[in-house]
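What follows is one structure encoded as structure tokens, with my remarks underneath.
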């Protein structure tokens with residue numbers, strides 16, 4: 001898909017179709033179209049095609065970035081069925097020119113996303129170009145250089161998010177820990193500013209990453225610790241992302257019911273998001289040093305599987321009583337967080353599809369933010385709202401901390417109560433965060449929006465690419481504050 005900024009007025013631009021935006025359902029300004037709207041009972045909601053005049057009338061609820069994304073997604077999905085190549089539209093400017101143009105591109109590219117690799121019949125579209133007139137929807141003047149930056153940023157962010165979606169949507173037969181390692185290596189080959197290091201099970205044993213290794217024990221596919229890094233010449237901060245990369249999770253000996261096992265290919269979403277983030281960071285050439293630590297493994301059943309009642313000694317030296325082998329992601333993250341802290345980050349963020357409790361509490365569309373630093377959590381929350389991802393803060397509770405105490409080890413991998421499961425999982429991870437990094441750490445539970453079995457907004461069925469946009473947006477905000 002191409003996005004072209006054109007200096008001509010909208011009427012002077014040649015294109016196969018034109019987008020006409022309806023703001024606040026205000027149809028009074030469309031005198032010529034009055035009869036057409038009445039004939040089609042159009043009230044200014046959704047989309048209305050006028051094939052004779054080659055126009056698409058499109059609801060734009062407001063100039064908020066999310067409404068721009070939703071409107072452009074609807075535009076693409078409506079027009080992709082037509083035999084057309086180009087569309088023209090006016091510029092849509094909200095509070096920020098860069099974010100407005102980025103949102104426009106994101107809406108189109110998210111609308112265009114498909115994972116149809118295994119479909120025998122693939123639907124294709126001839127639509128290949130969106131021509132954006134410098135004539136602004138409300139007659140405002142804007143900086144065209146900022147508009148171009150926005151178009152580029154939107155394309156990079158959308159492509160990175162869709163890259164993450166492809167990883168999450170891929171089936172477990174194909175997407176093993178070795179495949180994740182291969183994809184990480186290919187990412188480094190495609191971008192000379194990204195470095196990739198892959199560590200095998202021997203390295204994990206040497207590093208005493210026993211919790212990570214225990215989860216992998218029954219799988220025929222060996223685990224991999226993946227370290228991706230990017231460093232700008234004038235890096236302002238060192239940021240480390242840790243991603244849970246369970247390429248499949250059967251639950252282990254605490255076997256999941258059949259219905260719950262479906263979609264567990266998506267348990268690699270945290271690691272996939274981290275890969276999307278570093279891809280975007282490198283393409284945007286952000287003045288940061290960014291590391292991604294990915295724990296790639298399966299959690300399977302077998303005679304040599306780790307068991308409930310086992311006690312594991314983590315890399316950090318914290319002993320863990322295993323009470324449920326289906327609480328495996330936190331075991332992998334515990335060792336990966338230990339490894340990540342050796343990099344001495346200014347900011348440490350882990351991402352995981354960690355708990356079903358998070359989905360029960362927040363719904364399918366919202367990620368949870370946890371940590372010890374309220375100011376950091378609030379900053380991230382406010383930044384994520386602009387990115388288009390839904391988040392909320394779950395506060396740690398000292399009474400919930402009591403629930404993960406163990407009688408025979410330093411901590412239990414599951415709580416003694418079924419309630420507050422998302423927070424107790426976060427509190428478990430907190431046990432592995434060193435004192436000097438407590439206030440620099442955020443835990444993101446992306447279990448809801450990482451994968452949904454229905455389309456919503458501009459997200460299609462399946463992977464949602466959760467984590468990519470909100471984290472990259474926060475990194476951009478960090479740099480803005482550092483100036």
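Yeah, the Cβs are placed from backbone N, Cα and C, and that goes for glycine too.
Not measured: the values here are computed from a predicted model.
Per TrEMBL, the candidate among 249, 259, 379, 410 that belongs to the Mn(2+) 1 site alongside 326, 328 is 249. Site annotation for Mn(2+) 2 in TrEMBL covers 244, 249, 328, and the matching candidate from 267, 309, 310, 346 is 267.
Just so you know, the Cβ of residue 328 (Mn(2+) 2 binding site) picks up 28 other Cβ atoms within 10 Å once every protein chain is counted.
Separation of the C-alpha atoms of residue 328 (Mn(2+) 2 binding site) and residue 256 (active site): 12 Å, rounded to the nearest whole number. In this structure, the C-alpha atom of residue 256 (active site) lies 8 angstrom from that of residue 326 (Mn(2+) 1 binding site). In the structure as shown, the Cβ atom of residue 326 (Mn(2+) 1 binding site) sits within 10 Å of 19 other Cβ atoms. Contacts of residue 249 (Mn(2+) 2 binding site) defined by a Cβ separation under 8 A and a same-chain sequence distance of 6+ are given as 256, 264, 267, 298, 299, 326, 328, 329, in order along the sequence. Minimal Cβ crowding within 10 Å, among the active-site residues 256, 330, is found at 256. Sequence-distant neighbours of residue 244 (Mn(2+) 2 binding site) (same chain, 6+ apart, CB under 8 A from its CB) are 267, 268, 269, 270, 271, 295, 329, 332, 333, 350, 351, 352, 353, 354.
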